[in-house]
Amino acid sequence: MAPTLLQKLFNKRGSSGSSAAASAQGRAPKEGPAFSWSCSEFDLNEIRLIVYQDCDRRGRQVLFDSKAVQKIEEVTAQKTEDVPIKISAKCCQGSSSVSSSSSSSISSHSSSGGSSHHAKEQLPKYQYTRPASDVNMLGEMMFGSVAMSYKGSTLKIHYIRSPPQLMISKVFSARMGSFCGSTNNLQDSFEYINQDPNLGKLNTNQNSLGPCRTGSNLAHSTPVDMPSRGQNEDRDSGIARSASLSSLLITPFPSPSSSTSSSSSYQRRWLRSQTTSLENGIIPRRSTDETFSLAEETCSSNPAMVRRKKIAISIIFSLCEKEEAQRNFQDFFFSHFPLFESHMNRLKSAIEKAMISCRKIAESSLRVQFYVSRLMEALGEFRGTIWNLYSVPRIAEPVWLTMMSGTLEKNQLCQRFLKEFTLLIEQINKNQFFAALLTAVLTYHLAWVPTVMPVDHPPIKAFSEKRTSQSVNMLAKTHPYNPLWAQLGDLYGAIGSPVRLTRTVVVGKQKDLVQRILYVLTYFLRCSELQENQLTWSGNHGEGDQVLNGSKIITALEKGEVEESEYVVITVRNEPALVPPILPPTAAERHNPWPTGFPECPEGTDSRDLGLKPDKEANRRPEQGSEACSAGCLGPASDASWKPQNAFCGDEKNKEAPQDGSSRLPSCEVLGAGMKMDQQAVCELLKVEMPTRLPDRSVAWPCPDRHLREKPSLEKVTFQIGSFASPESDFESRMKKMEERVKACGPSLEASEAADVAQDPQVSRSPFKPGFQENVCCPQNRLSEGDEGESDKGFAEDRGSRNDMAADIAGQLSHAADLGTASHGAGGTGGRRLEATRGLYVKAAEGPVLEPVAPRCVQRGPGLVAGANIPCGDDNKKANFRTEGDIPRNESSDSALGDSDDEACASAMLDLGHGGDRTGGSLEVELPLPRSQSISTQNVRNFGRSLLAGYCPTYMPDLVLHGTGSDEKLKQCLVADLVHTVHHPVLDEPIAEAVCIIADTDKWSVQVATSQRKVTDNMKLGQDVLVSSQVSSLLQSILQLYKLHLPADFCIMHLEDRLQEMYLKSKMLSEYLRGHTRVHVKELGVVLGIESNDLPLLTAIASTHSPYVAQILL
């Protein structure tokens, strides 16, 4: 017998290469090759579905395994015809000729896609063989150790290394009716193929992957909030709900009608942070998709059977053997996970319906045939959707995102966009088609609204700064939320009230015209640009890398010499950790980044890192010196005056210090259990290591002057070995101790220095505090290239003269601010001693190369991403964007938000507070982290570049924007897709309405289809759009300006001003409607001058800042 179609489907080694060749022929050419995934690495037929049941009486049983399904060819029915086999047209996703038994595989792409209706009334014949040998092990992985009594769902992701597979599984508690309260009749139908005495147990002999593979869990099933429970249920199941990865990111908001959900972009992010933070307690998630229904809703439930069953659904993706291909698919999978979960829920609904329906069939063989065919159909639809999402051609350079990413060719980009924009206005707006399309897009894709909010700046500055938002950037650091979630919500326009999810499809046979429309719309479909931070754990560092000495702490049990008890011995080993380079290192540093001649510590002393501590902690008692600060990155809030820790404190100790420059040491803070190296020994070691040739410039250091402008360093983590209190809980006591020590340092000193400081306007701006000016040992800031000639003028240090020291501080500040003025009073001794100090600092034994904690000053402009860390003194160069010292995560430099008035005030207050009292600044020195590398490259690993697609061969449901040549599949699938979007929203928050904008360039019509309104006319997909006069006048004015040959950036600024005008009109409308319950449209026209055709647009805009407007007018 010739190999069956299903055998070819699942025979990976035999068919993967040829199926890749077949798939290559069926694909449309990419619009930007670098902006999609390689389809040859992904075979959609290698997606496997397993349905498992766990019953407290009958144990675990496999209800379905797609690997065990084989198609029985109906030779008699199709002997003379060479037509494609149709597994309900949904499973195949393509065509394969039956007559040639050697035909390699089904082609990857069918013209009708994955949702066409049944081509044949009669069910295809399937043979369900014995499930594969690995199902027992996979069942163990799916169910895990969750108790049967636990209600709610759990979701897990496993990566199986051999063969490489990615498994996503979701376990539901079964909900059953009384008369049909089991799947026994379905299971009995399977008994002749599924009987296995070992089912329900992990049979390692049958386990093709070996017993050890069960431990390959990625541990992604993070416990989150418990579902709300009824009164009759027990409350002590002892497990947190673990429903979905995206439920960690996405939780419910207040109801759309409440005023607290006035969903501005900023407020949505703040709410997301509140609802996902464990500090705020557990907020129940919505209960849909939590249970698996095994009976129709009309069945009455039987309480005795409530806890008896769990159903697990698992999707397994077989990965390519190549590592790069595996990495590509994993990138795709995890960056698009909310979409995967949404489609998995849709698959679950289809399985529920199949199970319920098949019970009504009396004959066992027909029941199995019906059940298997329905599941294969649903699996085929899932495969097709994932394939489409993976292989769709993307728009290479979306206009708004490319403008935001700080491209150097911004002017050319503006010119190209304006050229395309005005061409469309001239060509396709004669019958108001383009104006209608833009009206619909601005009405439903509302993420543009926060970008045009006024930002108290002159227009030209407002335009250049619109890319970024300080307040959102600060929010992302202080109240973390998932930026992918924020980006997805912005793209779908889900920031109004009530919440709508919107997609736009442009239909037309003229491919060039459709592509041009899609390109122009990417300016109005706005979202955040994401900056990705990646950790590189590699110990091998490149030639130009700066290295920090990290520490590896090893604990071991050793028996005591006298007592019989055992002691925990902590060993600290220094290991290098890479740090992203701030500025190019000098030649000396590049060839010898670390001193190699530091002598070994004598036996008996603990070899610890010599960390630098801020002066605030300099007087700490030795017992408190065990804080782990091995290679601290100085927080910008820390004072820049330094003392040797526990070695030279106070004037009387200065007398004991050696009289050369070596007395100014970095603090000898010890990392470990409290032992200290002898201070004199440290001095001796450091004197041995005085460099013969001083480097040209010292290592990078934060500019003191810039501290006045940057945000406070908010997230510092200090590990204290042997300390039970968290750093936060110890904060107040440490503050008190510090204040006492400040007072003890000498009031007269404070007074004299304050007088000196007041005499010099430069010094008065200094963040340094009187009382910390003693024993200054501060390396000079690395300045920009032009300042190298003056780099030796810095902190002169003279024990006898306080005035000179204050003047030196002023001089240093003037350099750091690039003022170009000469240093005030930095004498020759100062320069000489500074050299000695710098030499000590650079060559300190195992001393860390200090790197400033990322300043995070947001230099908002065309070349920089918000939240970028700008190296000090290097403003004119291109900066390396990265985040150090934080837990690496994507940071949202939110395009969809300009500073609104109150936010601008808030950030101004933060900046004011920064230049004021610095006593509450950061006390901790950060531990070295592995290299955190920020990636600002344009890729499709975020929704902004992935869901804005080009001209596709068929309609695709997930995409925010795409074009297609035919609306045939659109008509078939649109209604079901809109309903699915409402029931299984990818944002996982309650959605009031799902909307699809359909622009047909063949019929010159723009319609809006919605999940709420049924269309009575069969010829139409939705309601026609009412063209806004505001949008029409905007298009005409842009066209006139362009024809007058005004500069492109001026035209775009005018466009932004007109959009802002719409926003301000919506504010006016909301203010007028405040307190009203009903208002007549004519009244609005008379009082506010708002035309009736502008009302839908202005109402939608107003819903982003005033939710009550929609309730009054809709």
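Please read every residue number as a count from 1 along the shown chain.
Even glycines carry a Cβ here, placed using N, Cα and C.
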Swiss-Prot tags one of Ser36, Ser221, Ser364, Ser1005 as phosphoserine; which one?
Ser221
Feature region 'Disordered' in Swiss-Prot, mapped to one of the ranges 645-665, 918-938:
645-665
If you check Swiss-Prot for phosphoserine, which of Ser216, Ser287, Ser892 comes up?
Ser216
Looking at the domain 'cDENN FNIP1/2-type' (468-1040) alone, can you tell me the average pLDDT?
57
